[in-house]
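Working notes, beginning with the structure itself.
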Amino acid sequence: MNSFYPSRKLGQNFTVDQSVIAKTCRLIKSLNPTALIEVGPGKGALTKALLKLQLPYHGIELDKRLAEYLLVNEILTEEQLTIGDALKQNLDQYFPDTIPLLCGNIPYSISSPLIANFLASKLQQFVLVCQWEFGQRLVAPVNSPNYSAFGVFCQYHLQIKSVFKIDKVAFKPKPQVDSVLMLLKKKPQVAYEAHFGRFLKQCFHQRRKLLVNNLKQLLPPTLLTNVLQQQDLAATVRAQELTPTQLFRLYLSLKPHLSDGKD
């Protein structure tokens with residue numbers, strides 16, 4: 001595969017720094033997984049290190065050229081590889097008798113939907129390399145410029161840790177921005193609420209607007225004002241001023257009044 005050209009459309013930037021690969025594997029090993037699912041094994045740099053952990057493994061690769069490379073070079077067997085889109089896969093199908101750890105170097109374009117797919121599955125831990133800016137949005141505090149609907153959604157459901165920053169020179173081709181290794185763990189006793197995410201999108205639709213105004217297409221303003229008052233929140237509050245817990249409590253109070261009990 002000497003003539004292989006990475007796909008810009010697929011956001012392919014392969015990890016070439018062995019120290020980054022080693023640190024990633026050490027983190028994964030410390031989490032004591034029983035099996036591994038890797039999204040985007042690419043040319044197998046991280047894959048080879050993961051296989052040395054001697055755990056049940058399955059990779060999901062969208063690029064047929066890379067899938068062929070992995071098979072021809074006997075990095076993976078056909079049983080260890082799914083050729084397809086990770087966003088369209090049921091992540092629970094690969095190891096029905098155990099709960100695997102999800103990992104991978106994730107293109108920016110699929111970072112959010114892949115986390116959503118992870119949240120909807122039975123999987124509990126996700127170790128991912130993503131763009132630095134995206135990682136910052138995941139951990140952004142209340143009332144900060146990066147505080148967003150998706151960040152709130154993730155913070156409510158997950159324990160999120162930014163493990164270490166990765167310089168762009170660790171990848172080939174070199175991306176324009178740095179990356180970060182993130183660790184996502186599902187919070188115990190927190191049930192997945194998909195409709196909460198859609199509710200949050202409306203809450204943050206226009207950041208400068210009051211929450212009442214952002215939600216007026218879904219609910220009568222008087223109803224929303226009354227619910228805010230019941231929760232000791234001002235009628236002039238904006239979504240970015242509320243914690244994930246406050247926003248979820250608000251969602252639960254308003255849920256019966258949303259269409260079909262949803263948003």
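Positions of Cβ are set from backbone N, Cα and C atoms, glycine also.
As given in Swiss-Prot:
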BINDING   Asn13, Thr15, Gly40, Glu61, Asp85, Asn105  S-adenosyl-L-methionine binding site
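Feature map: Swiss-Prot annotations on the structure.
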residue	record	contacts (Cβ under 8 Å, 6+ apart)
Thr15	S-adenosyl-L-methionine binding site	Ile21, Ala45, Leu46, Asn105, Val129, Ala170, Phe171
Gly40	S-adenosyl-L-methionine binding site	Ile60, Glu61, Leu62, Ala86, Gly104, Asn105, Ile106, Pro107
Asp85	S-adenosyl-L-methionine binding site	Leu62
CB contacts for Asn13 (S-adenosyl-L-methionine binding site) [other CB atoms within 10 A, all chains] | 23
Asn105 (S-adenosyl-L-methionine binding site): tally of other CB atoms within 10 A of its CB = 26
